Amino acid sequence: MYPIQLKPIYDKTIWANDKLTSLRHIEEEGYGTCWEISAHSYCTNEVINGIYKGKTLTELIQEKPKEMLGKVPFEKMLRLAYLDAKEDLSIQVHPYNSYALEHENDLGKTESWYVLDAKPGATLVAGTTTRDKSIIQKAVEEENLEPCLRKVDIEAGDFILIPAGMLHALGAGIFAIEIGTNSNTTYRFYDYNRVDAKGNKRELHLKKSFDVADFSLQSQKISNPYMEGQHKILVDCDEFVVELYDVKDTLTLDTEGKKFHTLTFVQGDAKILYGQNSLSVKYTENVFIPASLGSYTIQGHGRVLVAYSKI
(Lines of atoms letter the chains of each structure in order from A and count residues from 1; the text may use other names and numbers.)
(Lines give C-alpha, C1' and ligand atoms only; values in the text may rest on other atoms or scores of the structure.)
Protein backbone atom coordinates (compact mmCIF):
# COMPACT_ATOMS: atom_id res chain seq x y z
CA MET A 1 0.00 0.00 0.00
CA TYR A 2 0.97 3.66 -0.28
CA PRO A 3 -0.15 7.09 1.04
CA ILE A 4 -3.55 7.72 -0.51
CA GLN A 5 -4.66 11.08 -1.87
CA LEU A 6 -8.39 11.65 -2.25
CA LYS A 7 -10.55 13.93 -4.38
CA PRO A 8 -12.25 16.52 -2.16
CA ILE A 9 -16.06 16.68 -2.21
CA TYR A 10 -17.40 20.24 -1.95
CA ASP A 11 -20.83 21.01 -0.48
CA LYS A 12 -22.58 24.34 -0.85
CA THR A 13 -23.92 26.02 2.30
CA ILE A 14 -25.74 29.27 3.06
CA TRP A 15 -22.95 30.33 5.44
CA ALA A 16 -19.96 29.70 3.15
CA ASN A 17 -16.86 31.88 3.10
CA ASP A 18 -14.22 31.90 0.34
CA LYS A 19 -11.04 31.01 2.24
CA LEU A 20 -10.72 27.41 1.06
CA THR A 21 -11.93 28.00 -2.50
CA SER A 22 -9.48 30.88 -2.83
CA LEU A 23 -6.58 28.76 -1.56
CA ARG A 24 -7.47 26.02 -4.05
CA HIS A 25 -8.21 28.39 -6.95
CA ILE A 26 -11.85 27.36 -7.27
CA GLU A 27 -13.86 30.05 -9.04
CA GLU A 28 -17.35 28.90 -8.07
CA GLU A 29 -18.54 30.33 -4.75
CA GLY A 30 -20.69 29.04 -1.92
CA TYR A 31 -18.74 25.97 -0.77
CA GLY A 32 -18.77 26.01 3.03
CA THR A 33 -18.00 22.34 3.60
CA CYS A 34 -15.40 20.16 1.91
CA TRP A 35 -15.23 16.46 2.71
CA GLU A 36 -11.55 15.50 2.64
CA ILE A 37 -11.60 11.93 3.95
CA SER A 38 -14.94 10.13 4.06
CA ALA A 39 -16.12 6.54 3.69
CA HIS A 40 -19.71 7.29 4.71
CA SER A 41 -22.84 6.42 2.74
CA TYR A 42 -23.56 10.16 2.37
CA CYS A 43 -20.36 10.63 0.41
CA THR A 44 -17.10 8.77 -0.15
CA ASN A 45 -13.97 10.23 -1.70
CA GLU A 46 -12.31 8.93 -4.85
CA VAL A 47 -8.64 7.89 -4.85
CA ILE A 48 -6.65 10.15 -7.20
CA ASN A 49 -3.16 8.61 -7.07
CA GLY A 50 -1.42 5.28 -7.56
CA ILE A 51 -2.72 1.94 -8.73
CA TYR A 52 -6.06 2.34 -6.95
CA LYS A 53 -6.87 5.60 -8.72
CA GLY A 54 -10.58 5.77 -9.55
CA LYS A 55 -11.75 3.55 -6.70
CA THR A 56 -13.66 5.10 -3.82
CA LEU A 57 -12.25 4.98 -0.32
CA THR A 58 -15.20 2.81 0.73
CA GLU A 59 -14.55 0.33 -2.09
CA LEU A 60 -10.88 0.09 -1.22
CA ILE A 61 -11.61 -0.52 2.45
CA GLN A 62 -14.16 -3.20 1.57
CA GLU A 63 -11.69 -4.94 -0.77
CA LYS A 64 -8.67 -4.66 1.54
CA PRO A 65 -9.94 -4.12 5.10
CA LYS A 66 -6.84 -5.38 6.93
CA GLU A 67 -4.38 -3.52 4.68
CA MET A 68 -6.36 -0.29 4.94
CA LEU A 69 -7.63 -0.28 8.53
CA GLY A 70 -5.50 -2.83 10.38
CA LYS A 71 -7.32 -3.78 13.58
CA VAL A 72 -9.75 -0.87 13.34
CA PRO A 73 -13.34 -1.94 12.52
CA PHE A 74 -15.01 -0.09 9.65
CA GLU A 75 -17.53 1.58 11.97
CA LYS A 76 -14.61 3.32 13.69
CA MET A 77 -13.39 5.01 10.52
CA LEU A 78 -12.73 8.73 10.85
CA ARG A 79 -14.31 11.45 8.73
CA LEU A 80 -12.54 14.73 7.97
CA ALA A 81 -13.99 17.90 6.48
CA TYR A 82 -13.14 21.57 6.17
CA LEU A 83 -15.63 24.13 7.44
CA ASP A 84 -15.27 27.65 6.04
CA ALA A 85 -17.73 29.99 7.74
CA LYS A 86 -18.62 33.52 6.69
CA GLU A 87 -21.57 33.58 9.10
CA ASP A 88 -22.37 31.85 12.38
CA LEU A 89 -23.52 28.27 11.90
CA SER A 90 -26.76 27.16 13.52
CA ILE A 91 -26.60 25.75 17.05
CA GLN A 92 -26.36 21.98 16.66
CA VAL A 93 -26.04 18.80 18.64
CA HIS A 94 -24.97 15.31 17.59
CA PRO A 95 -26.43 12.06 18.98
CA TYR A 96 -24.52 9.30 20.71
CA ASN A 97 -24.25 5.85 19.13
CA SER A 98 -27.26 4.06 20.61
CA TYR A 99 -29.68 6.90 19.77
CA ALA A 100 -28.31 7.41 16.27
CA LEU A 101 -28.46 3.70 15.46
CA GLU A 102 -32.06 3.45 16.66
CA HIS A 103 -33.40 6.64 15.10
CA GLU A 104 -31.16 7.38 12.10
CA ASN A 105 -29.50 4.09 11.11
CA ASP A 106 -26.24 5.98 11.55
CA LEU A 107 -23.48 6.20 14.12
CA GLY A 108 -23.21 8.83 16.80
CA LYS A 109 -20.88 11.72 16.29
CA THR A 110 -18.02 13.07 18.35
CA GLU A 111 -15.85 15.54 16.51
CA SER A 112 -13.06 18.04 16.99
CA TRP A 113 -12.08 21.31 15.34
CA TYR A 114 -8.61 22.64 14.61
CA VAL A 115 -8.71 26.29 13.52
CA LEU A 116 -6.48 27.18 10.57
CA ASP A 117 -7.63 30.79 10.38
CA ALA A 118 -9.96 33.10 12.28
CA LYS A 119 -10.91 36.74 11.94
CA PRO A 120 -10.13 39.04 14.91
CA GLY A 121 -12.72 38.59 17.64
CA ALA A 122 -14.02 35.27 16.28
CA THR A 123 -15.95 33.03 18.67
CA LEU A 124 -17.58 29.62 18.65
CA VAL A 125 -20.22 27.99 20.84
CA ALA A 126 -19.15 25.06 23.03
CA GLY A 127 -21.81 24.18 25.57
CA THR A 128 -24.27 26.22 27.60
CA THR A 129 -24.07 28.60 30.56
CA THR A 130 -26.70 26.64 32.49
CA ARG A 131 -27.38 22.96 33.11
CA ASP A 132 -31.07 23.63 33.75
CA LYS A 133 -33.08 22.07 30.92
CA SER A 134 -36.20 24.07 31.80
CA ILE A 135 -34.34 27.37 31.43
CA ILE A 136 -33.08 26.33 28.01
CA GLN A 137 -36.53 25.11 26.94
CA LYS A 138 -38.02 28.48 27.91
CA ALA A 139 -35.26 30.34 26.04
CA VAL A 140 -35.99 28.30 22.91
CA GLU A 141 -39.74 28.94 23.20
CA GLU A 142 -39.07 32.68 23.57
CA GLU A 143 -36.57 32.56 20.68
CA ASN A 144 -33.87 34.04 22.89
CA LEU A 145 -31.28 31.32 23.38
CA GLU A 146 -28.19 33.49 22.96
CA PRO A 147 -27.77 34.32 26.70
CA CYS A 148 -27.59 30.58 27.42
CA LEU A 149 -24.81 29.88 24.93
CA ARG A 150 -21.23 29.51 26.14
CA LYS A 151 -19.00 31.38 23.70
CA VAL A 152 -15.27 30.75 23.37
CA ASP A 153 -12.81 33.23 21.86
CA ILE A 154 -10.92 31.58 19.01
CA GLU A 155 -7.77 32.27 17.01
CA ALA A 156 -5.65 30.35 14.51
CA GLY A 157 -4.01 27.27 16.04
CA ASP A 158 -6.77 26.61 18.58
CA PHE A 159 -8.25 23.14 18.99
CA ILE A 160 -11.46 22.04 20.69
CA LEU A 161 -13.29 18.75 21.22
CA ILE A 162 -17.02 18.57 20.44
CA PRO A 163 -18.44 15.48 22.19
CA ALA A 164 -21.79 13.93 21.28
CA GLY A 165 -24.55 15.65 23.26
CA MET A 166 -22.90 19.08 23.55
CA LEU A 167 -24.54 22.10 21.93
CA HIS A 168 -22.05 23.75 19.58
CA ALA A 169 -21.59 25.98 16.57
CA LEU A 170 -18.71 27.32 14.54
CA GLY A 171 -18.65 31.12 14.45
CA ALA A 172 -18.35 33.61 11.62
CA GLY A 173 -14.89 34.08 10.13
CA ILE A 174 -13.51 30.69 11.21
CA PHE A 175 -11.80 28.24 8.85
CA ALA A 176 -11.35 24.85 10.52
CA ILE A 177 -10.68 21.20 9.86
CA GLU A 178 -13.20 18.88 11.49
CA ILE A 179 -11.90 15.46 12.56
CA GLY A 180 -14.58 13.14 13.86
CA THR A 181 -16.36 9.83 13.83
CA ASN A 182 -17.95 8.31 10.73
CA SER A 183 -21.40 9.89 11.04
CA ASN A 184 -23.51 12.40 9.15
CA THR A 185 -26.26 12.99 11.72
CA THR A 186 -26.75 16.53 12.99
CA TYR A 187 -29.73 18.01 14.83
CA ARG A 188 -30.36 21.73 14.36
CA PHE A 189 -31.30 23.20 17.74
CA TYR A 190 -31.45 26.95 17.11
CA ASP A 191 -30.91 29.17 14.08
CA TYR A 192 -31.01 32.75 15.40
CA ASN A 193 -34.49 33.19 13.84
CA ARG A 194 -32.89 33.52 10.40
CA VAL A 195 -34.85 33.19 7.18
CA ASP A 196 -33.76 32.20 3.69
CA ALA A 197 -34.19 34.21 0.49
CA LYS A 198 -37.86 33.15 0.37
CA GLY A 199 -38.51 34.24 3.94
CA ASN A 200 -38.64 30.71 5.35
CA LYS A 201 -36.95 29.54 8.54
CA ARG A 202 -34.80 26.40 8.36
CA GLU A 203 -36.15 23.26 9.99
CA LEU A 204 -35.27 22.65 13.64
CA HIS A 205 -35.03 19.21 15.25
CA LEU A 206 -36.02 20.12 18.79
CA LYS A 207 -37.41 16.83 20.08
CA LYS A 208 -34.40 14.82 18.99
CA SER A 209 -32.07 17.59 20.16
CA PHE A 210 -33.53 17.56 23.67
CA ASP A 211 -33.43 13.74 23.65
CA VAL A 212 -29.65 13.70 23.19
CA ALA A 213 -28.44 17.02 24.62
CA ASP A 214 -26.35 17.00 27.80
CA PHE A 215 -26.33 20.56 29.13
CA SER A 216 -23.56 19.77 31.60
CA LEU A 217 -21.04 19.37 28.78
CA GLN A 218 -18.49 22.09 28.08
CA SER A 219 -15.18 21.96 26.23
CA GLN A 220 -12.03 23.98 26.76
CA LYS A 221 -9.94 25.11 23.82
CA ILE A 222 -6.26 24.25 23.53
CA SER A 223 -4.07 27.03 22.14
CA ASN A 224 -1.09 25.93 20.05
CA PRO A 225 1.50 28.56 19.13
CA TYR A 226 3.95 27.21 16.56
CA MET A 227 7.19 25.83 18.04
CA GLU A 228 9.72 23.87 15.97
CA GLY A 229 9.89 20.25 17.06
CA GLN A 230 6.76 20.51 19.20
CA HIS A 231 4.58 17.44 19.75
CA LYS A 232 1.22 17.52 21.52
CA ILE A 233 -1.62 15.08 22.00
CA LEU A 234 -4.57 17.39 21.39
CA VAL A 235 -7.20 14.84 22.32
CA ASP A 236 -7.27 11.21 23.41
CA CYS A 237 -10.93 10.26 23.78
CA ASP A 238 -12.84 6.99 23.52
CA GLU A 239 -13.22 7.34 19.76
CA PHE A 240 -9.96 8.77 18.42
CA VAL A 241 -6.64 10.49 19.04
CA VAL A 242 -5.41 13.68 17.39
CA GLU A 243 -1.72 14.59 17.66
CA LEU A 244 -0.01 17.80 16.57
CA TYR A 245 3.55 17.91 15.24
CA ASP A 246 5.51 21.05 14.37
CA VAL A 247 7.92 19.39 11.98
CA LYS A 248 11.54 20.53 11.77
CA ASP A 249 13.27 18.75 8.87
CA THR A 250 11.90 15.21 9.32
CA LEU A 251 9.40 13.27 11.39
CA THR A 252 9.13 9.47 11.25
CA LEU A 253 5.89 7.74 12.23
CA ASP A 254 4.72 4.13 12.13
CA THR A 255 1.27 2.60 11.80
CA GLU A 256 2.73 -0.70 13.08
CA GLY A 257 0.20 -2.46 10.86
CA LYS A 258 -2.46 -1.87 13.52
CA LYS A 259 -4.29 1.31 12.51
CA PHE A 260 -4.57 3.83 9.70
CA HIS A 261 -3.42 7.44 10.07
CA THR A 262 -4.93 10.58 8.60
CA LEU A 263 -2.58 13.47 7.94
CA THR A 264 -3.76 17.08 7.70
CA PHE A 265 -1.17 19.63 6.63
CA VAL A 266 -2.29 22.78 8.42
CA GLN A 267 0.90 24.81 7.96
CA GLY A 268 3.44 24.57 5.15
CA ASP A 269 4.09 22.03 2.39
CA ALA A 270 5.88 18.70 2.82
CA LYS A 271 6.90 15.38 1.35
CA ILE A 272 5.93 11.94 2.59
CA LEU A 273 8.78 9.44 2.20
CA TYR A 274 7.90 5.73 2.18
CA GLY A 275 10.20 2.95 1.03
CA GLN A 276 12.05 4.30 -2.01
CA ASN A 277 9.15 6.59 -2.95
CA SER A 278 7.90 10.04 -2.06
CA LEU A 279 4.67 12.03 -2.28
CA SER A 280 4.54 15.84 -2.32
CA VAL A 281 1.71 17.46 -0.35
CA LYS A 282 0.58 21.05 -0.01
CA TYR A 283 -0.96 23.21 2.70
CA THR A 284 -4.57 22.11 3.50
CA GLU A 285 -4.14 18.70 1.84
CA ASN A 286 -5.20 15.54 3.67
CA VAL A 287 -3.68 12.10 3.14
CA PHE A 288 -4.88 8.65 4.22
CA ILE A 289 -2.08 6.38 5.44
CA PRO A 290 -3.11 2.69 5.24
CA ALA A 291 -2.38 0.56 8.29
CA SER A 292 -0.18 -1.78 6.25
CA LEU A 293 2.21 0.99 5.16
CA GLY A 294 4.15 0.80 8.40
CA SER A 295 6.97 3.32 8.78
CA TYR A 296 6.97 6.59 6.83
CA THR A 297 8.66 9.98 7.13
CA ILE A 298 7.31 13.51 6.76
CA GLN A 299 9.95 15.88 5.40
CA GLY A 300 9.59 19.64 5.56
CA HIS A 301 8.94 22.57 7.87
CA GLY A 302 5.41 23.11 9.10
CA ARG A 303 2.56 21.67 11.12
CA VAL A 304 0.72 18.41 10.59
CA LEU A 305 -2.18 16.84 12.47
CA VAL A 306 -2.06 13.06 12.79
CA ALA A 307 -5.32 11.34 13.70
CA TYR A 308 -6.21 7.70 14.25
CA SER A 309 -9.05 5.66 15.73
CA LYS A 310 -8.87 4.03 19.14
CA ILE A 311 -8.73 0.26 18.86
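Just so you know, glycine gets a Cβ as well, placed from its N, Cα and C.
His168 is the residue from His40, His103, His168 that TrEMBL records in the Zn(2+) site together with His94, Glu111. Considering only the recorded positions His94, Arg188, the Cβ with the fewest other Cβ atoms within 10 Å is that of Arg188. Same-chain neighbours of the Zn(2+) site beyond His94, Glu111, His168, judged by a C-beta within 8 angstroms of the site's C-beta center, are, in sequence order, Gln92, Val93, Lys109, Thr110, Ile162, Pro163, Ala164, Met166, Gly180, Thr186. Separating the Cα atoms of His94 (Zn(2+) binding site) and Arg188 (active site) is a whole-number distance of 9 Å.
Confidence for the domain 'Mannose-6-phosphate isomerase cupin' (234-308), expressed as mean pLDDT, is 98.
Helix, strand and coil content of the domain 'Mannose-6-phosphate isomerase cupin' (234-308), in residues and according to DSSP, is 3 helix, 53 strand, 19 coil.
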